[in-house]
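Chemist: Before I ask anything, here is the structure I am working with.
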Ligand code: ADP
Ligand code: MG
């Protein structure tokens, strides 16, 4: 957290920036008449000239005023919209890599397009990330005529596209796409076998629209590529057999209903696993190399001790089906993750279901940190200022609205949920009498169904639903469509006279609610304005104040009239889960509503607590993820250098020599008697060589050195012979592919082990500040092992490559 003083300095800094941007914006606007005189060819020529200058090395900041002035003119010609001063200011802030807070309906799409056009002049590609496919396609299509006038190409990435179309879209000057697809393309590119197969061409500049959705709400949900994993059913059954026979003294259950092994339990299971050769003799489950084994043992223990048949799951037709805790209904098709479901199947003697393995994964946090320049925009950012700065290095700049905002915002805290509902009903009746459109915000789809049922019980009729109250003229629609495009359509009509729409705060985001309806005539619009504009009713506070703002922000766009009121109650889950208790005097009072001053205090305290919780959780995850990212970078870099590299022979040689060193260090240390038999066996199995090893003399260190040279020389001769017989090109080609495949395999295993480590590290009861340090240490140890495995496997393969079937 930043101290108050620093915070004030910061807001001073952003104020000063805003003033600078205003001055610059004035200069840009002053070029309007100049630009208007240009022919369309003239406009293109001027842009082409700017592009040449930037690509010849001119600073982009030196040309930005001219570029924005030309872009403004292009916007006017292509879209009949002249970017207003606040849009230019927003564009300048975005160009400087800030997070621009611009209210809903202020025209962020066009603002972003100005910045994209400017940055596209570098020729290095601009990525615009949106929260869904629908918005990516809409915005690209909407802005394309504008980019066309400037001679810039526009591409879109959507989920169903094949690699060729993706590559083409990435080759465009500006590429729109859903944020997750950008991340997935990055992961997939890192599994390709040649540079020509990759689709992305770098990470120069990303602009994230609706940044709070992508950079905050979904930030810690990893994007994961899955691939099928071989049949491991034997493994699950073997573990199950051992865990099944543990006694109650071997484990304990703590107050958080988590099961753990006792000391006796550890010794017992280790012994059994060693007997089954699942665990090497002389190693324990606490060894870093056993992290995945330990994970599966713990999952099996959970399956046996914590999950009960016919309570948590049922067994039908030889398969395990999870039972919903709340409703008691079986949920076919759902599976526990992380190997727990397989552990249950083993426990119940069912066939082990197909398994997939994470091939590679990344979070939005780490993906977007890859870009040389990042900026974002959203209607609501203020509450997340610290998170944007701490995690993404983005400063939040609040851009003033074009027209003054005249929306009225209220909050009413009721004592009971019933009182709250009555108040909402009254609001609806009032609005209906005036013909005022209403948008009702609910926290989840389930809650929208509950509210719909209550409205129906009070004489309202749901549109497009089995008729309840068929005669009623008071109708409402519920927005729970699964398709973004359909969602957008319903939201767009939420401003029609007398419309009542129930939706979640996030539904249809990015879609503007116009008073009167999407294509309303002036008369309809005037009617709605006379009725007070859009009325937004919140039915509870959200855990995060930003969501409340997002919902309220649906009304009062671009200076429209409007009102928002959140009806909350002391019985709301939001207050209960924050563990904020209303003072008992409040509850004994018979008042139907709580005094506004007390209500504000309660709600702010609860929101603060919810926000801190989720911020801490994300920060914790980010710390793990930063450590993982360093490994991922290393692995991907190595893979890329192999993919594009010219020094394959050198690399293979280095790996071979290091492998020999590894073997000598392991079996022929100066400090202990040499393990000659072990060394002989290793040389035979890894290097396919038979070397005459003499026992060490009085100087084992010197002897080890001589032995190293002997082995190395023999191995080198063997490889030289191979190269001579199969030809260098073929040898290199085979080894390059082999090394890449090996890296993918090892990294996928490593990712999984890191995941297991992330889960299991919490079980150790470490003080919080030690957890990350411990994770780092163990993650590094795992990484080193992976590297040793890599060079051993490459060496072993290369020594045998001649006998691989072609
Ligand atoms: P936001 O993303 O900020 O919520 P949008 O980009 O969806 O807003 O734009 C909202 C509406 O404002 C759109 O209908 C757009 O055409 C309109 N608009 C944007 N900029 C201008 C402008 N400079 N002049 C006139 N209309 C504009
Ligand atoms: Mg938008």
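Even glycines carry a Cβ here, placed using N, Cα and C.
TrEMBL: automatically predicted annotations, no manual curation.
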Chemist: Can you pick which of 87, 489 TrEMBL lists for the same ATP site as 105, 106, 107, 108, 109, 512?
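Modeler: Answer, per TrEMBL (ATP site with 105, 106, 107, 108, 109, 512), from 87, 489: 87.
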Chemist: Within the same chain, and leaving aside 87, 105, 106, 107, 108, 109, 512, name every residue whose CB is within 8 angstroms of the centroid of the CB atoms belonging to the recorded ATP site, in sequence order.
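Modeler: Counting only non-site residues, the set is 102, 104, 110, 111.
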Chemist: Average pLDDT across the domain 'SecA family profile' (3-599)?
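Modeler: That region's mean pLDDT is 89.
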Chemist: How many neighbouring Cβ atoms, not counting its own, are there within 10 Å of the Cβ of residue 87 (ATP binding site)?
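Modeler: Looking across every protein chain shown, the total is 26.
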Chemist: 87, 105, 106, 107: which of these binding-site residues put a Cβ within less than 6 Å of any ligand 2 atom?
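Modeler: With ligand 2 as the reference and 6 Å as the Cβ limit, the list is empty: none.
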Chemist: If the ATP binders are 87, 105, 106, 107, 108, 109, 512 per the record, what's the largest distance between their Cα atoms, in Å?
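Modeler: Max span of the ATP binding residues, Cα based, is 17 Å.
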Chemist: Tell me, if you would, which residue among 108, 512 (binding-site residues) has the fewest other CB atoms within 10 Å in the structure shown?
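Modeler: So among 108, 512, the binding-site residues given, the one with the fewest Cβ atoms within 10 Å is 512.
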Chemist: I'd like the number of other C-beta atoms within 10 A of the C-beta of residue 106 (ATP binding site), please.
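Modeler: Taking all protein chains shown, residue 106 (ATP binding site) has 24 Cβ neighbours within 10 Å.
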Chemist: Run through the Cβ atoms and count how many others sit within 10 Å of the one on residue 109 (ATP binding site).
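Modeler: Excluding its own Cβ, the number within 10 Å is 19.
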Chemist: Tell me the coarse DSSP state (helix, strand, coil) of residue 512 (ATP binding site).
Modeler: coil
